[in-house]
Amino acid sequence: MKFPPLRFNLFTLLLLALGAGAGFLFSWIGTPLPFMLGALAVSAVAAMGFSRHFPAGYTYPLPFRQLFVGVIGVMIGAQVSPELLSLIPTLWISIPAVLLFVVLAHGLNFLLFRRLGRFDRATAFYAGSPGGLLEAIAFGEEAGADIRLLTIMQFLRIIVVVAILPFAISIYEGTPVGSAAGLAVVGGSAGILDVGLVLLFSVVGVRLGTLARVPAAQLVGPLFVVGLGSAFGLIDLAIPPWLIGLAQIVVGISLGLRFSGITRRMLMSGLGLAVLSGAMMLGLGAALSVGVARLTGFDIETLIICFAPGGVTEMSLVALSLAISPTFVTLHHLVRILATVFELGIVRRLGWI
């Protein structure tokens, strides 16, 4: 195994320190999800304004991000309980609603990008998919779409939703939500052994998920391993709240660094459309959430996060940080991703775009 150069590791530590500092600042201001949004903001500024000062050839270490995505999966899996399993019979309403959301959101995005953004058909279709980032980019390139524009819009979709959603929920609740401080996730007081077990389950789960080739393997593998053990009472983890804050920082930095290579002109030209698209999809998700809540009795905040078209990892972390049924939320996002990829595949095979 080849390790990154020392200067890369030191620069990663610098980014983490900056992300933590921004997180504490955002927490002091009262921003929801302060450590993820703070780390996202400071790394985005660094990527757009100071990337020429980054070490030559530097890339954010993928294994490091995978480890903490796995940690998020472990945290979510640790909350699986027999009581949660009792919700399964009611999924026949919420899951079809997610499928309806995928079709409607994709269609509305396509119209928005064609009419207002003046995108060509292929770029509008694949840029508007409410999930399946990698598949949308691959299929879009094959269809002759503008890959740079498509990629920017897909990244902005995730970032806009991650930025808007906590604020929207905070406004609804009337108070900032999602601070890692003082959040009791699972179990009692956590010790070094608990942290070691969390990291071990993360590594093992990521490996198993990758071998099984499941969607979002780095998240789903550890979630499944620990969730299965928790459901049968075999695993009982106490997870320290600071680990959620650290996971927010790691994921936030990885999102912010995606702005590297994007000029201000490119960003501003796509940001307006991305905000409109994100607000439209969140509004659609909220409307569906109200309907599903009336039929099932589920909490509206939980359902809104279930329908929010962000990344699986990011939305799972939002749910975890807000202590809002993260396993339930993750399941619905996996369905959204699978449905979107299935839809993209059908359109590609039929040659409609």
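Cβ from N, Cα, C; glycine included.
If you look up TrEMBL, you'll see 32-50 (among others) marked as transmembrane segment.
Residues or ranges marked as transmembrane segment in TrEMBL: 62-80 (among others).
Among the features that TrEMBL reports, transmembrane segment is placed at 92-113 (among others). Within the same chain, residues 119, 123-125, 127-131, 153, 273, 276-277, 280-281, 284-285, 288, 291-292, 295-296, 298, 303, 306-307, 309, 332, 335-336, 339-340, 343 sit at least 6 positions outside the transmembrane segment (92-113) and bring their C-beta atoms closer than 8 Å to a C-beta of that stretch.
TrEMBL lists 155-172 (among others) with the feature transmembrane segment.
TrEMBL lists 178-204 (among others) with the feature transmembrane segment.
Sequence-distant contacts of the transmembrane segment (216-235), counting only residues of its own chain at least 6 positions beyond either end whose CB sits under 8 Å from a CB of the stretch, comprise 66, 69-74, 76-82, 85, 201-202, 204-210, 312-313, 316, 327, 330, 334, 337. The feature transmembrane segment is assigned by TrEMBL to 216-235 (among others).
Summarising the annotation, TrEMBL assigns transmembrane segment to 241-259 (among others). Using a Cβ-Cβ cut-off under 8 Å and counting only residues 6 or more beyond its ends in the same chain, the transmembrane segment (241-259) has close neighbours at 15-16, 19-20, 23, 33, 35-48, 60, 64-65, 68-69, 71-72, 75, 155, 158-159, 162, 180-185, 195, 198, 267, 313-314, 317, 320-321.
According to TrEMBL, the transmembrane segment annotation covers 271-295 (among others).
According to TrEMBL, the feature transmembrane segment maps to 315-339 (among others). If you look at the transmembrane segment (315-339), the same-chain residues 6 or more away from its ends with a CB under 8 A from one of its CBs are 33, 36, 72-73, 75-77, 79-80, 84, 87, 91, 94-95, 98-99, 101-102, 130-132, 161-162, 165-166, 169, 177-180, 183, 185, 215-216, 219-220, 223, 227, 244, 247-248, 251, 299, 301-302, 305-309.
The listed stretches are 62-80, 155-172, 271-295; of these, 155-172 has the most Cβ pairs under 8 Å to the transmembrane segment (32-50). Sequence-distant neighbours of the transmembrane segment (62-80) (same chain, 6+ residues past either end, Cβ-Cβ under 8 Å): 12, 185-187, 198-199, 201-203, 205-206, 218-231, 235, 237, 239, 243-244, 246-247, 250-251, 254, 313, 316-317, 319-320, 326-327, 330. Counting only same-chain residues 6+ beyond the ends of the transmembrane segment (271-295), those with a CB under 8 A from a CB of the stretch are 93-94, 97, 100-101, 104-105, 108-109, 112-113, 116-117, 128, 130, 153, 156-157, 159-161, 164-165, 168, 303-304, 306-309.
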